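The active site, phosphocysteine intermediate annotation in TrEMBL covers A:334. Marked as substrate binding site by TrEMBL: A:272, A:273, A:334, A:335, A:336, A:337, A:338, A:339, A:340.
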């Protein structure tokens, strides 16, 4: 690629904020997708995905060289000191160009192919479907209907093709209302609670100081009518009053309670994308303070206003959720109805509906309220070279709010913090086509489902990593009521300081619990297997008892054959033996030995017992994988179920059923154990 | 009944109670010699007891006449605020006056532990479980050449706040100790606090005297130098600010070791806030926590200006420095502040949590509290008479939450190493609470002399006897515990230090959710342990059967078959 002027720079020093005295020295490689720093002595590799690069800054020259500071959208911040200024400048220009391509088709997802993905490219694209999701809520029904008015995106090009609206309103009303709303984003249904209370969303009305629109008023009235249980509805304008007032001068604004029948109107004070953007950058400044004191850090967090914004979003979401719980419809909007509205609507649904707290439900919620309803991921995440004023951490805030809720309700969510981090990484990576484009229409035009991988497919193939071991599906069936006192909203160290290796707990409860859960599963399968073997063995001994009455004859060859026969018989007793029934495609035994000869030798038994490790290695003090990839706080450490050692995810990519497990489920094993299992099973087969 | 003369209205009907996180309830309020008891009438009789010593402040708010009655507000040392609405002014006044007196009694022999009769017999007597002879027996046995137990303070004459038995270098005799004691404030001469694996030791003492006319004390120098191996240097870690140390001569505080007299020692200052400012800090913190109506900005600014987390961070920082000297440099450390009672003990105890795996077990932590706080003469009764919610009138300059600071720091380390402690945060909470109010005698007395005179071990029950009963201890064990033999280095970065919700917010944010989560964690770990032993048992059984089968010729033996495959 021509933009890469210097693909390899040697003698580069990487500065670590907490370890300035001993900077690691190594080689920096620039590839088409990554910037890779390799420190051969410390066996350390640092990979920076170019799409994750947020800012690149040349710092003042020093005696040791030219420093280049790189800040990433994942909150990694590194400084490389390059020996020559020219190299520094070359790298700077390359990074500036490559981290934000000019054309959307140059994004990572369009050339990302990976052997690591065990899934076909198509997987995930069809997991979620808007109509199916509405069917789950019982829509359409007598009050709500689906309209095809937006089939070709002619009503609103940032909305999905299928829209759900009150059955009572006519096409004229919908078209009229769309023309009275910013960007044509008319009020439509996004969620129907089981008590028939509806959550609707839209953009601000083009009311100016006094304009009104009969159709829009009729549509809102139709929404009120669609709920048999309430005579009025709330209209929640998530903006601060002053912002909404200012919009009136531009011919936009908010609903006048005098014009609309039966609405209760309320402002909620969530700030706009520009305030949020600068708030986050102030928060990161607080995280990057040199030798920070406690006071300076808390001050920094406070003056960034970040937690205040998180609080406002959660507060508004809880207000909306409570209203719906009480049976009253809520219509939510902000200015364009794709940032704050998306946050508030999705969080209110998470609070209301346990389904959205499952892994599948949460993904389907993001599909619906963020992707289908046109949150502008490409603009907000700054994928392309364009107006920096369009970028804003709106989705980061959603993820932060979700973390606050997870913290407050440890057993209410099926997925863990790790999923939120993974999601956050890939919203910004553009490695998957899922978040590319600004709306549904963009994604169809780009034919993403044919050309790129879906993040949902990737998540589906790594489910185990993202589950919350404490999840109890029946624990919270009703509205989740987080306590939103300010002292209960915390700074999320795990996200914003994720790459500061020194500041995190040295032992992770979540990791230990995940490992314990896997370990228990392995033991359960092993115990079931042992029980079957014991039964078989007992039967064998019982059956043989009359024969062995003549103990002296044991050595006789005839006897032995006879015993072999009784063994065969005894093994047939165990008719539910999994080895005989399972036909798993991945099974190494499917064409292997049958029941009769599977216990002919104690070698066989030994092999089965050896295939399951009872004591797994402790996660404590494990600094690196056998492949010498160092583990940091956020890396996933996984056990091989056969030998019980700890590996990185890259080294633990094989799965196979173990001979010592009763069920035939393929389980994670390291490469050495994989070979071992394969080899011994084939050697058994060959005899 | 005790204190009958103080209780004018022992029973008041139709009192309305408001408790945090609870629904308001009407019922009967009773005052006894040691408790306030409220029982709600109605369908679900709800009852709660408050021991008088939990009360930090009694506030009486009569209704404006002509309305009668009023509200009694009790601010408690567990940072809860409970209020009672009275219909009758006289009863309000009586109850208020009684509680005011009963919660402020200073004569310790009237405290509840002297009246408390447990309904069980302890299997282990906590009063004798942690005697210095027991605690240091291993050390003194193994290091006979270097260390000995001295009974020079047997009659508490040399140092009234020290225990009768202390561990000192073998090389110095009791005369040297006596001379060194006369050189140190309050007689707190340098004694051994902890010996690390590599042989480095931590000593603690009080400051030397100050003033222009202070002579050197060769015995003190000898005592200190005797712990240094030839050619080695030691560190004197002073928990006061360097600039303030030498100045206030008049008060007799502010002395320090002069370099020229202690050439083998290097002095480092790591200031830690003490006494009054610490209590003020805690007050500000607790008030900010209880004010649930404030905005996010207001909350964060109050959290910051309370400075509590800064003090936590500083204390951890100092303990890390001490640990570094001892573990990384194998150097001896002498630790002291002013009187050697507050920051000194907090740091020496915390350094042991970092350094010593023993101190992270239940027994080891109890021993640590005994050695470094109770026997070391931390004046619990003085310090804990008043806490965060008292007002400036009721508190005095001897009241301070230094012990709480230490417990908080331990919790911070526990957060960072959740699998390295045998006990859970509930255990820490219990210790903190019993140190302020308790039915047990363990935290009574300001020093060993005090406890000896009050005959606590005969007349009261030890907290350890209670806690160490298996049925009690069970709830304080950490299900994730996996013994960790290393030194555990905590992070002291500001983002690693957090506010302890179970301590400060338990009346603001319902703690039940977290208790439930811990119960689930325990269940997961318990199940795993059971499965593990079951798998092992079945394996043994299968191997036995196998052996049986082989001996009966029903199976090939592994050796004969092994050669085929190997």
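Using the three backbone atoms N, Cα and C, a Cβ is placed for every residue, glycine included.
Taking the features listed in TrEMBL, we show where each one sits on the structure.
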residue	record	Cβ contacts under 8 Å, 6 or more apart
A:272	substrate binding site	A:239, A:243, A:335, A:339, A:340
A:334	active site, phosphocysteine intermediate	A:203, A:204, A:237, A:238, A:239, A:270, A:340, A:341
A:336	substrate binding site	A:182, A:183, A:185, A:203, A:204
A:338	substrate binding site	A:158, A:185, A:203, A:373, A:374, A:375, A:376
Of these recorded positions, A:272, A:334, A:336, A:338, A:340, which are close to chain B by the rule of a Cβ under 8 Å away?
none
What's the number of neighbouring CB atoms sitting within 10 A of the CB on residue A:340 (substrate binding site)?
28
Note the Cβ centroid of A:272, A:273, A:334, A:335, A:336, A:337, A:338, A:339, A:340, the recorded substrate site, then list each other residue of that chain whose Cβ lies within 8 Å of it, in sequence.
A:203, A:238, A:239, A:341
